[in-house]
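Peer 1: Before anything else, here's the structure in question.
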Amino acid sequence: MWKSVVGHDVSVSVETQGDDWDTDPDFVNDISEKEQRWGAKTIEGSGRTEHINIHQLRNKVSEEHDILKKKELESGPKASHGYGGRFGVERDRMDKSAVGHEYVADVEKHSSQTDAARGFGGKYGVERDRADKSAVGFDYKGEVEKHASQKDYSHGFGGRYGVEKDKRDKAALGYDYKGETEKHESQRDYAKGFGGQYGIQKDRVDKSAVGFNEMEAPTTAYKKTTPIEAASSGARGLKAKFESLAEEKRKREEEEKAQQMARQQQERKAVVKMSREVQQPSMPVEEPAAPAQLPKKISSEVWPPAESHLPPESQPVRSRREYPVPSLPTRQSPLQNHLEDNEEPPALPPRTPEGLQVVEEPVYEAAPELEPEPEPDYEPEPETEPDYEDVGELDRQDEDAEGDYEDVLEPEDTPSLSYQAGPSAGAGGAGISAIALYDYQGEGSDELSFDPDDIITDIEMVDEGWWRGQCRGHFGLFPANYVKLL
(Lines of atoms letter the chains of each structure in order from A and count residues from 1; the text may use other names and numbers.)
(Lines give C-alpha, C1' and ligand atoms only; values in the text may rest on other atoms or scores of the structure.)
Protein backbone atom coordinates (compact mmCIF):
# COMPACT_ATOMS: atom_id res chain seq x y z
CA MET A 1 0.00 0.00 0.00
CA TRP A 2 1.05 3.54 -0.61
CA LYS A 3 2.18 5.63 2.30
CA SER A 4 -0.36 8.28 1.50
CA VAL A 5 -3.16 5.83 2.03
CA VAL A 6 -1.97 4.36 5.30
CA GLY A 7 -3.95 5.59 8.30
CA HIS A 8 -6.66 7.37 6.27
CA ASP A 9 -10.25 6.25 6.19
CA VAL A 10 -12.11 8.11 3.45
CA SER A 11 -15.88 7.79 3.54
CA VAL A 12 -18.23 10.00 1.55
CA SER A 13 -21.78 10.27 2.72
CA VAL A 14 -24.23 10.67 -0.16
CA GLU A 15 -27.48 12.29 0.76
CA THR A 16 -30.46 10.53 -0.68
CA GLN A 17 -32.76 13.14 -2.09
CA GLY A 18 -36.15 12.66 -3.54
CA ASP A 19 -36.77 11.97 -7.19
CA ASP A 20 -36.83 15.13 -9.28
CA TRP A 21 -39.72 13.76 -11.30
CA ASP A 22 -42.06 13.40 -8.34
CA THR A 23 -44.97 15.81 -8.30
CA ASP A 24 -45.78 18.10 -5.46
CA PRO A 25 -48.12 16.64 -2.84
CA ASP A 26 -50.52 19.55 -3.20
CA PHE A 27 -50.64 19.39 -7.02
CA VAL A 28 -54.14 19.50 -8.46
CA ASN A 29 -54.66 18.60 -12.10
CA ASP A 30 -57.39 21.03 -13.13
CA ILE A 31 -56.68 20.85 -16.86
CA SER A 32 -59.11 19.18 -19.25
CA GLU A 33 -58.05 16.64 -21.84
CA LYS A 34 -58.41 19.18 -24.67
CA GLU A 35 -56.29 21.72 -22.79
CA GLN A 36 -53.67 19.07 -22.10
CA ARG A 37 -53.56 18.05 -25.77
CA TRP A 38 -53.37 21.55 -27.23
CA GLY A 39 -51.67 23.41 -24.34
CA ALA A 40 -54.54 25.85 -24.00
CA LYS A 41 -53.81 26.63 -20.36
CA THR A 42 -50.59 27.88 -18.95
CA ILE A 43 -48.80 25.67 -16.44
CA GLU A 44 -45.78 26.94 -14.66
CA GLY A 45 -42.73 25.13 -15.90
CA SER A 46 -44.56 23.31 -18.68
CA GLY A 47 -43.16 25.49 -21.45
CA ARG A 48 -46.56 25.86 -23.08
CA THR A 49 -48.49 29.04 -23.49
CA GLU A 50 -52.17 29.72 -23.41
CA HIS A 51 -54.10 30.72 -26.50
CA ILE A 52 -53.71 34.45 -27.28
CA ASN A 53 -56.72 36.79 -27.31
CA ILE A 54 -55.62 39.44 -29.79
CA HIS A 55 -58.18 42.05 -28.68
CA GLN A 56 -57.22 41.70 -25.06
CA LEU A 57 -53.55 41.89 -26.02
CA ARG A 58 -54.07 45.16 -27.92
CA ASN A 59 -55.86 46.79 -25.03
CA LYS A 60 -53.22 45.67 -22.60
CA VAL A 61 -50.37 46.99 -24.74
CA SER A 62 -52.12 50.33 -25.20
CA GLU A 63 -52.63 50.74 -21.47
CA GLU A 64 -49.03 49.82 -20.69
CA HIS A 65 -47.79 52.33 -23.28
CA ASP A 66 -49.81 55.17 -21.75
CA ILE A 67 -48.50 54.37 -18.29
CA LEU A 68 -44.91 54.29 -19.58
CA LYS A 69 -45.23 57.71 -21.24
CA LYS A 70 -46.65 59.28 -18.10
CA LYS A 71 -43.73 58.00 -16.06
CA GLU A 72 -41.24 59.40 -18.59
CA LEU A 73 -42.86 62.85 -18.47
CA GLU A 74 -42.86 62.90 -14.70
CA SER A 75 -39.39 61.57 -14.08
CA GLY A 76 -37.59 62.74 -17.24
CA PRO A 77 -36.09 66.22 -17.91
CA LYS A 78 -38.51 68.99 -18.80
CA ALA A 79 -38.16 70.87 -22.08
CA SER A 80 -38.93 74.24 -20.47
CA HIS A 81 -35.76 74.15 -18.36
CA GLY A 82 -32.57 75.60 -19.83
CA TYR A 83 -31.16 78.87 -21.09
CA GLY A 84 -29.86 77.97 -24.51
CA GLY A 85 -31.65 78.62 -27.72
CA ARG A 86 -34.43 80.96 -28.46
CA PHE A 87 -36.88 79.54 -25.97
CA GLY A 88 -34.63 79.09 -22.96
CA VAL A 89 -36.33 80.45 -19.81
CA GLU A 90 -33.38 80.59 -17.43
CA ARG A 91 -32.37 84.09 -18.33
CA ASP A 92 -30.06 84.43 -15.35
CA ARG A 93 -27.72 81.89 -16.82
CA MET A 94 -27.47 83.60 -20.23
CA ASP A 95 -24.29 85.43 -21.36
CA LYS A 96 -24.67 89.12 -20.66
CA SER A 97 -22.45 90.12 -23.62
CA ALA A 98 -24.25 87.91 -26.07
CA VAL A 99 -26.63 89.40 -28.56
CA GLY A 100 -30.13 88.13 -28.38
CA HIS A 101 -32.13 86.42 -31.02
CA GLU A 102 -34.08 89.59 -31.74
CA TYR A 103 -30.86 91.40 -32.88
CA VAL A 104 -30.61 91.91 -36.71
CA ALA A 105 -27.18 93.13 -37.95
CA ASP A 106 -26.84 95.20 -41.15
CA VAL A 107 -24.00 93.91 -43.38
CA GLU A 108 -22.28 96.51 -45.56
CA LYS A 109 -22.56 95.88 -49.31
CA HIS A 110 -19.56 95.19 -51.52
CA SER A 111 -18.19 97.95 -53.69
CA SER A 112 -19.39 96.15 -56.78
CA GLN A 113 -22.86 96.20 -55.29
CA THR A 114 -22.81 99.84 -54.28
CA ASP A 115 -21.30 101.23 -57.58
CA ALA A 116 -21.65 99.21 -60.77
CA ALA A 117 -19.23 101.51 -62.71
CA ARG A 118 -16.28 100.47 -60.67
CA GLY A 119 -13.99 97.57 -61.59
CA PHE A 120 -11.75 96.65 -64.51
CA GLY A 121 -12.60 93.05 -65.13
CA GLY A 122 -14.90 91.77 -67.77
CA LYS A 123 -16.31 93.46 -70.79
CA TYR A 124 -17.87 96.35 -68.94
CA GLY A 125 -15.10 97.23 -66.48
CA VAL A 126 -14.53 101.03 -66.46
CA GLU A 127 -11.24 101.21 -64.65
CA ARG A 128 -9.13 100.92 -67.76
CA ASP A 129 -5.97 101.90 -65.96
CA ARG A 130 -6.04 98.65 -64.10
CA ALA A 131 -6.59 96.44 -67.17
CA ASP A 132 -3.64 94.44 -68.57
CA LYS A 133 -1.90 96.35 -71.29
CA SER A 134 -0.89 93.23 -73.17
CA ALA A 135 -4.31 91.69 -73.04
CA VAL A 136 -6.56 91.79 -76.05
CA GLY A 137 -9.83 93.47 -75.52
CA PHE A 138 -13.25 92.07 -75.99
CA ASP A 139 -13.60 93.89 -79.28
CA TYR A 140 -10.72 91.89 -80.86
CA LYS A 141 -11.64 89.19 -83.41
CA GLY A 142 -8.84 86.84 -84.43
CA GLU A 143 -8.96 85.31 -87.93
CA VAL A 144 -7.23 82.00 -88.59
CA GLU A 145 -5.43 81.72 -91.91
CA LYS A 146 -6.87 79.12 -94.24
CA HIS A 147 -4.92 76.06 -95.29
CA ALA A 148 -3.39 75.91 -98.70
CA SER A 149 -5.85 73.23 -99.73
CA GLN A 150 -8.68 75.56 -98.75
CA LYS A 151 -7.33 78.51 -100.60
CA ASP A 152 -6.33 76.66 -103.81
CA TYR A 153 -7.98 73.37 -104.60
CA SER A 154 -5.45 72.63 -107.34
CA HIS A 155 -2.71 72.26 -104.78
CA GLY A 156 -1.83 68.90 -103.34
CA PHE A 157 -0.77 65.50 -104.66
CA GLY A 158 -2.99 63.14 -102.74
CA GLY A 159 -6.17 61.58 -104.01
CA ARG A 160 -7.39 61.23 -107.51
CA TYR A 161 -7.43 64.93 -108.34
CA GLY A 162 -4.12 66.06 -106.84
CA VAL A 163 -2.19 68.22 -109.34
CA GLU A 164 1.26 68.26 -107.80
CA LYS A 165 2.50 65.29 -109.70
CA ASP A 166 6.10 65.88 -108.69
CA LYS A 167 5.27 65.05 -105.08
CA ARG A 168 3.71 61.71 -105.84
CA ASP A 169 5.38 58.36 -105.29
CA LYS A 170 7.06 57.31 -108.46
CA ALA A 171 6.42 53.61 -107.77
CA ALA A 172 2.73 54.14 -107.08
CA LEU A 173 0.15 53.43 -109.74
CA GLY A 174 -2.30 56.07 -110.73
CA TYR A 175 -6.03 55.97 -110.59
CA ASP A 176 -6.19 55.37 -114.31
CA TYR A 177 -4.43 52.01 -113.93
CA LYS A 178 -6.60 48.91 -114.29
CA GLY A 179 -4.96 45.69 -113.24
CA GLU A 180 -6.06 42.55 -115.07
CA THR A 181 -5.64 39.29 -113.23
CA GLU A 182 -4.23 36.55 -115.33
CA LYS A 183 -6.66 33.70 -115.88
CA HIS A 184 -5.92 30.30 -114.50
CA GLU A 185 -4.71 27.57 -116.75
CA SER A 186 -8.01 25.78 -116.46
CA GLN A 187 -9.82 28.95 -117.58
CA ARG A 188 -7.68 29.52 -120.62
CA ASP A 189 -7.62 25.91 -121.82
CA TYR A 190 -10.38 23.56 -120.71
CA ALA A 191 -8.58 20.62 -122.25
CA LYS A 192 -5.93 20.75 -119.58
CA GLY A 193 -6.17 19.01 -116.25
CA PHE A 194 -6.28 15.42 -115.05
CA GLY A 195 -8.89 15.52 -112.31
CA GLY A 196 -12.50 14.46 -112.64
CA GLN A 197 -14.11 12.39 -115.32
CA TYR A 198 -13.12 14.59 -118.27
CA GLY A 199 -9.46 15.33 -117.44
CA ILE A 200 -7.29 14.62 -120.48
CA GLN A 201 -3.86 14.66 -118.92
CA LYS A 202 -3.87 10.95 -118.33
CA ASP A 203 -0.17 10.93 -117.56
CA ARG A 204 -0.85 12.75 -114.30
CA VAL A 205 -3.65 10.47 -113.12
CA ASP A 206 -2.82 8.07 -110.31
CA LYS A 207 -1.98 4.74 -111.86
CA SER A 208 -3.46 2.79 -108.95
CA ALA A 209 -6.75 4.73 -108.97
CA VAL A 210 -9.86 3.21 -110.48
CA GLY A 211 -11.25 5.13 -113.42
CA PHE A 212 -14.74 6.49 -113.73
CA ASN A 213 -15.62 3.91 -116.38
CA GLU A 214 -14.56 1.01 -114.18
CA MET A 215 -17.15 1.57 -111.44
CA GLU A 216 -18.96 -1.61 -110.52
CA ALA A 217 -22.67 -1.87 -109.95
CA PRO A 218 -23.57 -0.57 -106.49
CA THR A 219 -24.44 -3.21 -103.93
CA THR A 220 -26.34 -2.79 -100.73
CA ALA A 221 -24.75 -3.39 -97.37
CA TYR A 222 -28.07 -3.99 -95.66
CA LYS A 223 -28.24 -6.95 -93.33
CA LYS A 224 -31.50 -8.22 -92.04
CA THR A 225 -31.63 -7.87 -88.28
CA THR A 226 -32.51 -10.95 -86.32
CA PRO A 227 -34.91 -10.35 -83.44
CA ILE A 228 -33.80 -11.33 -79.96
CA GLU A 229 -36.58 -13.87 -79.70
CA ALA A 230 -35.48 -15.59 -82.91
CA ALA A 231 -31.81 -15.53 -81.91
CA SER A 232 -32.51 -17.03 -78.49
CA SER A 233 -34.88 -19.71 -79.73
CA GLY A 234 -33.58 -21.90 -82.54
CA ALA A 235 -37.01 -23.28 -83.25
CA ARG A 236 -38.51 -19.85 -83.84
CA GLY A 237 -35.71 -18.87 -86.20
CA LEU A 238 -36.06 -22.13 -88.10
CA LYS A 239 -39.78 -21.68 -88.32
CA ALA A 240 -39.44 -18.14 -89.68
CA LYS A 241 -36.91 -19.33 -92.24
CA PHE A 242 -39.15 -21.96 -93.72
CA GLU A 243 -42.19 -19.74 -93.55
CA SER A 244 -40.47 -17.25 -95.84
CA LEU A 245 -39.30 -20.00 -98.20
CA ALA A 246 -42.78 -21.52 -98.47
CA GLU A 247 -44.67 -18.23 -98.84
CA GLU A 248 -45.86 -18.90 -102.38
CA LYS A 249 -46.70 -22.50 -101.60
CA ARG A 250 -48.78 -21.47 -98.63
CA LYS A 251 -50.72 -18.95 -100.71
CA ARG A 252 -51.44 -21.61 -103.32
CA GLU A 253 -52.63 -24.00 -100.62
CA GLU A 254 -54.91 -21.32 -99.17
CA GLU A 255 -56.49 -20.74 -102.58
CA GLU A 256 -57.03 -24.47 -103.08
CA LYS A 257 -58.51 -24.77 -99.62
CA ALA A 258 -60.91 -21.88 -100.25
CA GLN A 259 -62.07 -23.50 -103.48
CA GLN A 260 -62.47 -26.83 -101.74
CA MET A 261 -64.50 -25.28 -98.91
CA ALA A 262 -66.77 -23.57 -101.44
CA ARG A 263 -67.27 -26.86 -103.29
CA GLN A 264 -68.02 -28.69 -100.05
CA GLN A 265 -70.53 -26.01 -99.09
CA GLN A 266 -72.39 -26.52 -102.34
CA GLU A 267 -72.29 -30.27 -101.87
CA ARG A 268 -73.71 -29.97 -98.36
CA LYS A 269 -76.58 -27.85 -99.60
CA ALA A 270 -77.38 -30.39 -102.30
CA VAL A 271 -77.27 -33.29 -99.84
CA VAL A 272 -79.47 -31.45 -97.33
CA LYS A 273 -82.01 -30.66 -100.03
CA MET A 274 -82.14 -34.29 -101.10
CA SER A 275 -82.41 -35.52 -97.50
CA ARG A 276 -85.46 -33.35 -96.89
CA GLU A 277 -87.27 -34.67 -99.95
CA VAL A 278 -86.62 -38.30 -99.23
CA GLN A 279 -88.30 -39.64 -96.07
CA GLN A 280 -87.46 -43.31 -95.65
CA PRO A 281 -85.93 -45.46 -92.85
CA SER A 282 -82.19 -45.63 -92.83
CA MET A 283 -80.74 -48.66 -94.55
CA PRO A 284 -77.47 -50.39 -93.59
CA VAL A 285 -74.67 -48.69 -95.42
CA GLU A 286 -72.72 -50.86 -97.78
CA GLU A 287 -69.06 -50.19 -98.24
CA PRO A 288 -68.63 -48.52 -101.63
CA ALA A 289 -65.72 -49.21 -103.86
CA ALA A 290 -62.91 -46.85 -102.98
CA PRO A 291 -62.06 -44.57 -105.92
CA ALA A 292 -58.56 -43.91 -107.14
CA GLN A 293 -58.15 -40.80 -104.99
CA LEU A 294 -59.70 -40.35 -101.53
CA PRO A 295 -58.30 -37.10 -100.13
CA LYS A 296 -60.68 -37.07 -97.17
CA LYS A 297 -60.84 -40.71 -96.20
CA ILE A 298 -59.73 -41.71 -92.70
CA SER A 299 -57.46 -44.73 -92.90
CA SER A 300 -57.84 -47.68 -90.58
CA GLU A 301 -54.36 -47.04 -89.19
CA VAL A 302 -55.48 -43.76 -87.61
CA TRP A 303 -58.51 -45.10 -85.80
CA PRO A 304 -58.68 -48.39 -83.85
CA PRO A 305 -60.92 -51.10 -85.38
CA ALA A 306 -64.57 -50.90 -84.45
CA GLU A 307 -65.82 -53.89 -82.46
CA SER A 308 -69.49 -53.04 -82.21
CA HIS A 309 -72.00 -51.08 -84.30
CA LEU A 310 -75.00 -49.18 -83.17
CA PRO A 311 -78.50 -49.66 -84.59
CA PRO A 312 -79.33 -47.90 -87.83
CA GLU A 313 -81.52 -45.44 -85.98
CA SER A 314 -78.49 -43.88 -84.27
CA GLN A 315 -76.64 -43.27 -87.53
CA PRO A 316 -77.85 -39.66 -87.87
CA VAL A 317 -76.06 -38.79 -84.64
CA ARG A 318 -72.89 -40.56 -85.75
CA SER A 319 -72.75 -38.71 -89.02
CA ARG A 320 -73.39 -35.45 -87.21
CA ARG A 321 -70.20 -35.84 -85.22
CA GLU A 322 -68.24 -37.48 -87.96
CA TYR A 323 -68.84 -34.84 -90.61
CA PRO A 324 -66.00 -32.42 -89.83
CA VAL A 325 -63.51 -35.25 -89.14
CA PRO A 326 -62.94 -36.81 -92.60
CA SER A 327 -61.14 -33.72 -93.90
CA LEU A 328 -58.41 -33.89 -91.21
CA PRO A 329 -55.68 -36.10 -92.71
CA THR A 330 -56.07 -34.62 -96.19
CA ARG A 331 -52.56 -33.15 -96.18
CA GLN A 332 -50.95 -35.54 -93.77
CA SER A 333 -49.78 -38.21 -96.18
CA PRO A 334 -48.20 -35.84 -98.75
CA LEU A 335 -46.60 -33.80 -95.99
CA GLN A 336 -45.22 -36.91 -94.35
CA ASN A 337 -43.69 -38.00 -97.65
CA HIS A 338 -42.21 -34.54 -98.02
CA LEU A 339 -40.79 -34.67 -94.49
CA GLU A 340 -39.15 -38.03 -95.14
CA ASP A 341 -37.35 -36.60 -98.15
CA ASN A 342 -36.49 -33.26 -96.54
CA GLU A 343 -35.63 -32.85 -92.86
CA GLU A 344 -36.73 -29.20 -92.84
CA PRO A 345 -40.06 -28.51 -91.12
CA PRO A 346 -42.90 -27.62 -93.49
CA ALA A 347 -44.73 -24.33 -93.54
CA LEU A 348 -47.36 -23.75 -90.89
CA PRO A 349 -50.96 -24.13 -92.07
CA PRO A 350 -53.07 -20.96 -92.01
CA ARG A 351 -54.85 -20.24 -88.78
CA THR A 352 -58.61 -20.27 -89.40
CA PRO A 353 -60.36 -19.77 -86.07
CA GLU A 354 -63.71 -19.65 -87.88
CA GLY A 355 -63.24 -23.18 -89.14
CA LEU A 356 -62.15 -24.38 -85.73
CA GLN A 357 -65.26 -23.01 -84.10
CA VAL A 358 -67.58 -24.61 -86.66
CA VAL A 359 -65.96 -27.98 -86.16
CA GLU A 360 -65.94 -27.87 -82.39
CA GLU A 361 -69.56 -26.89 -81.81
CA PRO A 362 -71.28 -30.04 -83.13
CA VAL A 363 -68.72 -32.30 -81.46
CA TYR A 364 -69.26 -30.94 -77.96
CA GLU A 365 -73.02 -30.62 -78.26
CA ALA A 366 -73.53 -34.08 -79.67
CA ALA A 367 -71.45 -35.89 -77.03
CA PRO A 368 -74.05 -36.00 -74.23
CA GLU A 369 -76.75 -37.11 -76.67
CA LEU A 370 -75.02 -40.47 -77.24
CA GLU A 371 -75.58 -41.68 -73.69
CA PRO A 372 -79.30 -42.63 -73.94
CA GLU A 373 -79.64 -45.82 -75.98
CA PRO A 374 -83.39 -45.87 -76.77
CA GLU A 375 -84.16 -45.17 -80.38
CA PRO A 376 -86.93 -42.57 -79.85
CA ASP A 377 -84.33 -40.15 -78.41
CA TYR A 378 -82.57 -39.87 -81.74
CA GLU A 379 -85.61 -39.47 -83.95
CA PRO A 380 -87.16 -36.26 -82.57
CA GLU A 381 -83.86 -34.37 -82.73
CA PRO A 382 -84.12 -33.50 -86.43
CA GLU A 383 -87.46 -31.76 -85.74
CA THR A 384 -86.21 -29.54 -82.89
CA GLU A 385 -82.77 -28.86 -84.31
CA PRO A 386 -82.94 -28.49 -88.09
CA ASP A 387 -79.16 -27.98 -88.37
CA TYR A 388 -78.41 -31.39 -86.88
CA GLU A 389 -81.22 -32.92 -88.86
CA ASP A 390 -79.64 -31.71 -92.10
CA VAL A 391 -76.27 -33.11 -91.17
CA GLY A 392 -77.70 -36.27 -89.66
CA GLU A 393 -79.40 -37.35 -92.87
CA LEU A 394 -76.08 -37.72 -94.64
CA ASP A 395 -75.67 -41.43 -93.86
CA ARG A 396 -79.14 -42.24 -95.12
CA GLN A 397 -78.33 -40.87 -98.56
CA ASP A 398 -75.10 -42.80 -99.10
CA GLU A 399 -76.73 -45.08 -101.66
CA ASP A 400 -78.52 -42.27 -103.51
CA ALA A 401 -75.62 -39.76 -103.48
CA GLU A 402 -73.35 -39.60 -106.48
CA GLY A 403 -69.55 -39.60 -106.80
CA ASP A 404 -68.05 -37.18 -104.30
CA TYR A 405 -70.91 -37.53 -101.82
CA GLU A 406 -69.98 -41.16 -101.28
CA ASP A 407 -66.32 -40.21 -100.88
CA VAL A 408 -67.08 -37.65 -98.16
CA LEU A 409 -69.20 -40.06 -96.10
CA GLU A 410 -67.37 -43.22 -95.11
CA PRO A 411 -68.86 -46.73 -95.12
CA GLU A 412 -69.97 -48.59 -92.03
CA ASP A 413 -66.49 -48.81 -90.47
CA THR A 414 -66.06 -45.07 -90.26
CA PRO A 415 -69.49 -44.16 -88.80
CA SER A 416 -69.35 -46.95 -86.27
CA LEU A 417 -65.80 -46.01 -85.47
CA SER A 418 -66.77 -42.38 -85.08
CA TYR A 419 -69.65 -43.27 -82.83
CA GLN A 420 -67.57 -45.63 -80.76
CA ALA A 421 -64.98 -42.95 -80.09
CA GLY A 422 -67.68 -40.34 -79.60
CA PRO A 423 -67.79 -40.05 -75.81
CA SER A 424 -64.02 -39.90 -75.52
CA ALA A 425 -62.82 -38.35 -78.78
CA GLY A 426 -65.65 -35.86 -78.90
CA ALA A 427 -64.67 -34.30 -75.62
CA GLY A 428 -60.92 -34.68 -75.55
CA GLY A 429 -59.86 -37.04 -78.37
CA ALA A 430 -58.47 -39.60 -75.89
CA GLY A 431 -56.85 -42.66 -77.40
CA ILE A 432 -55.12 -40.92 -80.36
CA SER A 433 -51.42 -40.31 -79.95
CA ALA A 434 -48.70 -38.95 -82.21
CA ILE A 435 -44.96 -38.42 -82.15
CA ALA A 436 -43.43 -35.03 -82.90
CA LEU A 437 -41.24 -34.85 -86.01
CA TYR A 438 -40.01 -31.28 -85.57
CA ASP A 439 -39.51 -28.71 -82.88
CA TYR A 440 -42.45 -26.30 -82.51
CA GLN A 441 -42.86 -23.35 -80.15
CA GLY A 442 -46.42 -22.11 -79.71
CA GLU A 443 -46.88 -18.42 -80.45
CA GLY A 444 -50.01 -18.01 -78.34
CA SER A 445 -51.27 -19.14 -74.97
CA ASP A 446 -53.65 -21.58 -76.70
CA GLU A 447 -50.89 -23.30 -78.71
CA LEU A 448 -48.79 -26.28 -77.72
CA SER A 449 -44.98 -26.42 -77.68
CA PHE A 450 -42.98 -29.63 -78.13
CA ASP A 451 -39.59 -30.99 -79.13
CA PRO A 452 -38.78 -33.75 -81.64
CA ASP A 453 -39.73 -37.29 -80.52
CA ASP A 454 -42.19 -35.95 -77.91
CA ILE A 455 -45.40 -37.96 -77.52
CA ILE A 456 -48.64 -36.01 -77.88
CA THR A 457 -51.73 -37.70 -76.44
CA ASP A 458 -55.48 -37.04 -76.36
CA ILE A 459 -55.37 -35.65 -79.91
CA GLU A 460 -58.54 -34.03 -81.15
CA MET A 461 -58.65 -33.36 -84.90
CA VAL A 462 -60.47 -30.05 -84.88
CA ASP A 463 -59.29 -28.74 -88.26
CA GLU A 464 -57.61 -29.84 -91.44
CA GLY A 465 -54.24 -28.36 -90.59
CA TRP A 466 -54.50 -27.82 -86.80
CA TRP A 467 -55.07 -30.43 -84.10
CA ARG A 468 -55.50 -30.14 -80.37
CA GLY A 469 -53.65 -32.40 -77.94
CA GLN A 470 -51.81 -32.73 -74.64
CA CYS A 471 -48.05 -32.77 -74.11
CA ARG A 472 -45.99 -32.21 -70.94
CA GLY A 473 -49.09 -31.40 -68.96
CA HIS A 474 -50.24 -28.65 -71.37
CA PHE A 475 -53.26 -28.77 -73.69
CA GLY A 476 -53.43 -26.70 -76.86
CA LEU A 477 -53.34 -26.44 -80.66
CA PHE A 478 -50.44 -27.54 -82.86
CA PRO A 479 -49.86 -27.98 -86.63
CA ALA A 480 -50.86 -31.41 -87.89
CA ASN A 481 -47.99 -31.63 -90.37
CA TYR A 482 -45.41 -31.43 -87.55
CA VAL A 483 -46.40 -34.79 -86.02
CA LYS A 484 -46.92 -38.38 -87.10
CA LEU A 485 -49.73 -40.55 -85.77
CA LEU A 486 -48.73 -43.66 -83.86
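Positions of Cβ are set from backbone N, Cα and C atoms, glycine also.
Remember, predicted model here, so these are calculated numbers, not experimental data.
For 240-258, 265-276, the entry in Swiss-Prot reads compositional bias 'Basic and acidic residues'. Among the features that Swiss-Prot reports, domain 'SH3' is placed at 429-486, with the record citing sequence analysis. The feature N6-acetyllysine is assigned by Swiss-Prot to Lys41, Lys123, Lys192, Lys241. For Ser275, Ser333, the entry in Swiss-Prot reads phosphoserine. The phosphothreonine annotation in Swiss-Prot covers Thr330 and is backed by a large-scale study or a structure entry. Annotation comment: Swiss-Prot describes 27-66 as region 'Involved in HAX-1 binding'. Annotation comment: Swiss-Prot describes 226-430 as region 'Disordered'. If you look up Swiss-Prot, you'll see 79-115 marked as repeat 'Cortactin 1'. Residues annotated as repeat 'Cortactin 4' in Swiss-Prot: 190-212.
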Peer 1: Ten-angstrom check, please: count other Cβ atoms within 10 Å of the Cβ of Lys123 (N6-acetyllysine), all chains counted.
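Peer 2: The answer is 7.
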Peer 1: When the Cα of Ser275 (phosphoserine) is compared with the Cα of each of the modified residues Lys123, Lys192, Lys241, which one is closest?
Peer 2: Lys241
Peer 1: Only counting partners 6 or more residues apart, tell me which same-chain residues put their Cβ under 8 Å from the Cβ of Lys192 (N6-acetyllysine).
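Peer 2: The list for Lys192 (N6-acetyllysine) reads Glu185, Ser186, Ile200, Gln201, given in order along the sequence.
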Peer 1: Please state whether DSSP places Lys123 (N6-acetyllysine) in a helix, a strand or coil.
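Peer 2: DSSP assigns Lys123 (N6-acetyllysine) to coil.
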Peer 1: How long is the line from the C-alpha of Lys241 (N6-acetyllysine) to the C-alpha of Lys123 (N6-acetyllysine), rounded to the nearest angstrom?
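Peer 2: Counting only the Cα atoms, the answer is 117 Å.
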Peer 1: From the DSSP assignment alone, can you count helix, strand and coil residues within the repeat 'Cortactin 1' (79-115)?
Peer 2: 7 helix, 0 strand, 30 coil
Peer 1: Rank the modified residues Lys241, Ser275 by the number of other Cβ atoms within 10 Å of each Cβ and report the first-ranked residue.
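Peer 2: Compared across Lys241, Ser275, the most Cβ atoms within 10 Å surround Ser275.
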Peer 1: Residue counts in helix (H, G, I), strand (E, B) and coil for the compositional bias 'Basic and acidic residues' (240-258), per DSSP?
Peer 2: 18 helix, 0 strand, 1 coil
